[in-house]
Amino acid sequence: MAKYNNNSNASKATNLKQQVVLPTYTLDSNLVLLPGIMYNVTFSRFKAAALLYRYKNFISQVSIINNLLNEYDFNSGNTNEEERFEAEQKLEQPETYHEINPSVISPEAVEGIKEFFQYETGMKTGRGVEKGVKSTQNDAIKEFDWLTLAIIPNLEKIKNPETNSSAGDGSSSSKVVTVARIVGIVDDTTNIKLTLQAITRGVQIKDDGKNNHHKRGLKTNEQVIGIDWNHNVSDLKGKFTTLQKNYQQLFQSIDKFLIDYREALDYNKNNSNNNNNNNNNRNGNLSLIKGNSTTYSNNKNYDDKPNQDIKSQNLLTLNPLANALYMQLVGSKDFNKAFHRLQKLFSQVIQGDEYKIDNETYLRLVDLTCGILPFPNFQKLALLNEYKLDDRSILINEMMSQLIQIFGNLQTNTSFVNSWFHSEATNIQKATVVANQLKSIRNLLEGMTKNRPIKPNKRNSGPASSAPSFSNGKTPPARPKVNHHQDGSHGHDSDYDNNDDDDDGDEDLKAIFNFIKHKLPTISSLSADSKRLILKDFKRVKASANSPGGGGNSDFHVLRNYLEIVMDIPWDNYVTKFKSNKDIDLKLAKKQLDDDHYGLEHVKKRLIQYLVVLKLLGINAEKDQALQSKDEENSKNPAHSDSNSNSNCNSNSRSLTKSPTSSLASKTPSSIVIANNDETYLAKQQAKTRNQKSITEAKTNVSTKMVPSNESIQVSKNNKSPIIMLAGPPGTGKTSLAKSIASALGRNFQRISLGGIKDESEIRGHRRTYVGAMPGLLIQALRKSRCMNPVILLDEIDKVIGGNSGGVNKFNGDPSAALLEVLDPEQNNTFIDHYLGFPVDLSQVIFICTANDPWNMTRPLLDRLEMIEIGAYDYNEKLIIGKKYLLPRQIKRNGFPVTKVGKNNTGNQDEFIKINDDTMKKVILDYTRGEAGVRNFERRLGTLCRFKAVEYCEWLNKDIKNYNPIIDENDLPIYLGVPYSSGDVTTEGTVGVGVVHGLSYNSDGSGSVLVFESIGFDRRISNGNKEHNGGDGSGGNGATLNMTGRLGEVLMESGKIGLVFIKSMIYKNILKFDNNNNNNTNRHLLLDKYNNLDIHMHVPMGSVSKDGPSAGVTMALSFLSVLLDKPVPSDIAMTGEITLRGIVLPIGGVKEKLMGAHLNANIKRMIVPRENRKDLIKEYSRSIEEAGEVLDHHLINDLIKDNEDNEFKLTQVEDYYQNKYGISLFYAKEFYDIIKIVWNEDEVLLKENNSRLLEYHI
């Protein structure tokens, strides 16, 4: 037996009744909301926006609601003329005017929602009302908790079949409401589906002014609601026993009914010898009882075991009552789920002695039973109106008993009919019964056809369509309305509205028909030819559907899929964060970018520039529109000025808000218990009244100027969206930066990964002739984003197979060439997807491409992109990023309860994990060494957080006494293991001959120091004749060079060039070899040594491939060191390409190489090409901006001008890097400059021949 608990938690509270002011809303449908159930209710976009607008001050953080509210301008009174007209014509209720021009909730309603939330929290937590109020006074109410309102049933639409009157007739109409909360919202681009959670009952209390708390300030859509939180049920055990008995009988009756009904349906499919056990195991069987059930109820007036022939030919399916009950029981999957959930709740209550049935559970079972089982709405309303608990218990038992009796009578009547029809009736009587059934069905169908609502004549549908406006705002000359569109220039209205029996068509075609009829004429981004092609395909679909065999042919399915995809594209739907272009908040956008990413000022500048251009275009467009309207008004005929002015006013007002015509939707199925489709009625009526105007604008080619339908969300067509490529090493934030850009602009974001794509059809789509053809990735991205101006990230564009990558299959096309049209601002406004077959405007899409090695791309594609290079981060930047972004994110991801407070939203994170700067710097240098980005750095921080999460849980479980949130350097080996080898091993040691330090740019985007080791062997020593030929240099076969270390072809060629240049220096007698000899002897000695020298050069870390020309000067200096037998100082690193004339050419990756030199403790001086100083000036200015300091633009200009001189005088750049990295910078324009920096000039070069150096200078 179950245990009963009459003392609920609510009884501990001293005051269980409250009166609060709540916003109210009256449904348009006959839906009745019972507490404890979640309802999915479908609204038109306008109605949903009007309802949510009342809470706009509390839901500003919910993006989907903000996007919906941006479609309508409820602040101005001239934007909803047609909505006002339709509401007055259809609703005819003064209390519904607030849905036309809604207002925000009053302060009294705000306090009412707070008080209700406090009471509700106290009841949920079991702490009582008083403790619940105290505990929630300082807690912030979440966004969706504010969406609390009182739902008033629509009594006019709930009919009582016994009295044939509505529930609102008479003076005894109930004042009971359902207090509900909006807990979910889904935007399907046509309608809005709100999920309502019914919480409790309430009673409307008339505000007579005596109550000072609610004396003033209430609005027409607000009401004082009395709520009783007392859930004490007298004689709980007895009442639950009665409810349990009735529910068992009812569930057995339903289960047996479903079994018999399915047997009747499956008569032609199943063998007549199948028994009830097999039927219980069929798919979709809503079986509630384990084992067989032989009765509908306890009524035994019929035969429990009828004849097998009679049972196999059951006439149950001919009974209208049986059909109605069956459709309600198995008509939707959501009902199945709810039905099984109700059964599970009852089984949990009655199983075991440890489970306690309390008052709240019992009352919830009462409401759930009424809400889920197939009771009519007038009975559900009656149960809702039973505010007293005892009366509610009596009513639910009576309702269940009536339903049990209905199932019993149905079985008795069916058994009688089966027995008579199969055993006693003659063939003539059977035929008569069947004929009467068919006649009744035919009469019913004829009645349904006659009673169908007559379509209004759109040419005479009221003021909204009496004077349709053309696209330029002008009104056409008056003419008889019957000949309004018979000029023949663009066809007739029958092209879009030529089917008066659209309701008789296929259910699958209704949504397509609504799109063709109502939405397609209003699409401004489609040309007339494109609309003609779509309309032609639609006619083919209708012809195929109406042909013999229906839609069974393949052409029908291909065309239907095509039209469904065309319908799903968000035509003319533009989403933005700002109300209008002129209202763009540049500071807010800049703050959003700064909050998401550190540094990257050059990228942020480009986006701010784009927003500034949009803002200026919005301001100028408003001025131009005002001037144009004034000029048109002055040029009009004065006799028609008044009417034209009114027409223009209406046209302008409609252009400021998104037309609800686009909100027409096909009926959506119910989600949990009931989905209310009648909420879209107003939107459908509005679409009908404006259909004629839309068709006129779509077909009339009067003006080519596009007038935006919603100035607040549609960007200017005169401005092309930027097409940016972010080029940089992995892990530098390119992908996340693209997401931040979309967030700053308030646009939807879509990512397309292009890595490995080798088929052109992936970009352009497949032609419809192929089986399973689909649009390309770009059209699919538009469908997913639900707007025509998203931010689309083309990730890894340099890894597209094709173009310069090689290996492309000619039969599949070149996908990189297909991107040329997409990424060209002058062409992408007419991008043609092979599947669609007509142009699509992509000019408002912001394309952001990412690449690691952009030079792998084809030159035409690279020329179309605005490339912004993102370099590697130095460890100071990584330190700031780790403290400000990565560590707080990892702490939150690993489950620590951090509160978002403070300047950087770090909250109380130091209570859980605290890492000082030295420890974090050690993680960067020792555990993520050589990384250009911060990806591995974040992984390491995540590892630290996971270790600390384990310790924190052990402390919570009291397994350890204390929890220490601090992580110092000594803890890193415990958590992260042994650090990586530093890589400085090869650079350590004493100064050696032929050992020179070079700088490299690694494939991961980082920089490092490479050691070039050269050893020379004099062949004269091995032959024993060092003084061969008296030192005239004529002996030997020339120097030989052998290079190892997995070197590339370009690097090996640079080494040979360097060696040849050393030889040219010997021939020109520039080098000094022996101070005791004259110049000629000096040259002969050097040449003789050179010709008998075998040089072997090796670059350590042989497993790593190395290539590039930037090591030319390094290898040349190494060879010269071996030849002159002079060591090179170990604190110098250099980079630069060398030519045969000794000129040092500029190289790339200077910043990364500078960082690599800085991370090596032995390097104090760095030699770079002279031409690379301008790169250092650029990096210097960028570093100043990213550090947040004010950049002196006059100084930058002075630095650039000073750099043009051979001997520059301004050294701010060198001083900056000396202070920041501890590296002294030297510049070399030719190889002789390197010799002067490394060695003493007098020791290496001959003074007599110094003047000859000018011959080789450039």
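Note: Cβ is positioned from N, Cα and C throughout, glycine not excepted.
Around the Cβ of SER1110 (active site), 28 further Cβ atoms fall within 10 Å across all displayed protein chains. Feature annotation from Swiss-Prot assigns active site to SER1110 (among others); the stated evidence is sequence analysis.
Per Swiss-Prot, active site is recorded for LYS1153 (among others), and the stated evidence type is sequence analysis. The 10 Å shell around the Cβ of LYS1153 (active site) contains 27 further Cβ atoms across the protein chains shown.
In this structure, LYS734 (ATP binding site) is part of a helix by DSSP. Cβ neighbour count for LYS734 (ATP binding site) (all protein chains, 10 Å cutoff from its Cβ): 26. Swiss-Prot lists GLY728, PRO729, PRO730, GLY731, THR732, GLY733, LYS734, THR735 with the feature ATP binding site.
If you look up Swiss-Prot, you'll see 270-285 (among others) marked as compositional bias 'Low complexity'.
What Swiss-Prot lists as compositional bias 'Polar residues' is 459-474 (among others).
Residues annotated as compositional bias 'Basic and acidic residues' in Swiss-Prot: 484-495.
Annotated compositional bias 'Low complexity' per Swiss-Prot: 641-655 (among others), in sequence order.
Per Swiss-Prot, the feature compositional bias 'Polar residues' maps to 656-670 (among others).
Sequence annotations record features per position, and here Swiss-Prot assigns domain 'Lon N-terminal' to 22-404 based on sequence analysis. Summarising model confidence by region, the domain 'Lon N-terminal' (22-404) averages a pLDDT of 72.
The domain 'Lon proteolytic' annotation in Swiss-Prot covers 990-1241.
The region 'Disordered' annotation in Swiss-Prot covers 270-296 (among others).
If you look up Swiss-Prot, you'll see 447-503 (among others) marked as region 'Disordered'.
The region 'Disordered' annotation in Swiss-Prot covers 627-670 (among others).
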Sorted by sequence, non-GLY728, PRO729, PRO730, GLY731, THR732, GLY733, LYS734, THR735 residues with Cβ within 8 Å of centre, ATP: LEU726, THR850, ASN852, ILE870, ALA932, GLY933, ARG935, GLY1005
Count of other CB atoms lying within 10 Å of the CB belonging to GLY728 (ATP binding site): 21
Task: Sorry to bug you, but what's the C-alpha spacing from SER1110 (active site) to GLY733 (ATP binding site), rounded to the closest Å?
output: 28
Statement: Cα-Cα, SER1110 (active site) versus GLY731 (ATP binding site), nearest Å, comes out at 25
- prompt: Which of these binding-site residues has the least crowded Cβ, counting other Cβ atoms within 10 Å: PRO729, PRO730, GLY731?
  reply: PRO730
Query: Where among the binding-site residues THR732, THR735 do you find the Cβ with the fewest other Cβ atoms within 10 Å?
result: THR735
- prompt: Does DSSP give SER1110 (active site) helix, strand or coil?
  reply: coil
